[in-house]
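Peer 1: Supplied in structure tokens, the structure appears directly below.
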Amino acid sequence: MERERHVSSKADRYEKDYQTISKHVNRFTSATKTSALEFAFIVSFIFNLILGKFIHIFSPKEEVYNYFNDKGNLFNQIFVKKGWAWTTIIIVAFYTLILLKKVEGPGTGGATNKYKIISRAVINYILVTIWWIFFTQWFFGLPIMDRVFVFTGGKCTNVSEELYLKHQLSPHLFEKLVASVDENGASLAAATAATFQSSAIPSYMCRKVKGSWEGGHDPSGHVFLLIHSSLYLVFESLPYWQPWAKLRNDMQVLKIEARSSVTTWKTKLLKTTKFISGNPHVLVISLVGLWWWMLFMTSLYFHSIAEKFVGLMFGYVAFGALYYLPRWL
């Protein structure tokens, strides 16, 4: 009897603690207009950068520098460098599967209207793509990230005369550096070719002419892209998100079928294709998972913490304007 009372008291205490935690969580989600999972995902990028910085500082050097420290690594060259192309491919594939399945979304009163889905998806894609272009490619001249760099004193330097002439660069965009002269009047650079510098060309052009991007605050374009793409993919697909239980069950079925010795590789491929078509969020989860890992690699190896946080802040802009602020209206 005493044991039963003790167990009952313990259960009551756990239930009370659970109710208290649930109350605070509900209050928090109501105040922030986000679910607990949404909030955790949104702030995970901040945690990612801070964790990467701490590991970089406190880990032994031989453990920090590895394959991912090389900008030429496969993941960086194939995926991150072409990040917006992959984002486009995944979102197009996702909506194609959604439309083929006629998945029901919230507030649609049944099967969703294809025109409504397509028009909303196209408008949102255009808006987030414009923001990506403005920050990384072009903003009435230099892109925003390069404007920040130049505004803080940065420029493209050490452009050789050979490459300057080869690419037929506009003279008004460059300054030809005058060779220093020693006390005897002899040029210290007599044996070398002239070099050029510019604060009017974008970073991609500076890399193209093998110049040095020096002197200013250089916001991380990688951090911006990975966060901007991740937030867009998740919150764009959110209205059609299916229960985790369904995904888990379908994965278990696929795993059992994959282990079957009587199943041919063609059958396995067919089953995998069927699994993806029935769970299009797998595409989003896969790319966002890769982006989160590559962001972690960036936070470990590249840019200062300030440059990464500037990239992070700009990465939140489109998400905030397109998906978060409307929740308050």
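Just so it is clear, glycine is given a Cβ too, placed from its N, Cα and C backbone atoms.
Marked as active site by TrEMBL: H222, H303. What TrEMBL records for 36-58, 83-100, 121-140, 223-241, 282-303, 309-325 is transmembrane segment.
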Peer 1: Of the stretches 83-100, 223-241, 309-325, which racks up the most C-beta pairs under 8 Å with the transmembrane segment (282-303)?
Peer 2: 223-241
Peer 1: At a 10 Å cut-off from the C-beta of H222 (active site), count the other C-beta atoms across all protein chains.
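Peer 2: Around the Cβ of H222 (active site), 23 other Cβ atoms lie within 10 Å.
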Peer 1: For H303 (active site), which residues in the same chain are close in space, meaning a Cβ under 8 Å from its Cβ, but six or more apart along the sequence?
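Peer 2: Result: D218, S220, H222, V223, G311.
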Peer 1: Restricting to the same chain and to residues at least six past its boundaries, which positions have a Cβ under 8 Å from a Cβ of the transmembrane segment (36-58)?
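Peer 2: Non-local partners: 25, 28-29, 64, 223, 227, 230-231, 234, 292, 295-301, 305, 308-309, 312, 315, 319.
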Peer 1: At least three Cβ pairs under 8 Å linking the transmembrane segment (83-100) and the transmembrane segment (223-241), pairs spaced 6 or more in sequence?
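Peer 2: Result for the transmembrane segment (83-100) with the transmembrane segment (223-241) is yes.
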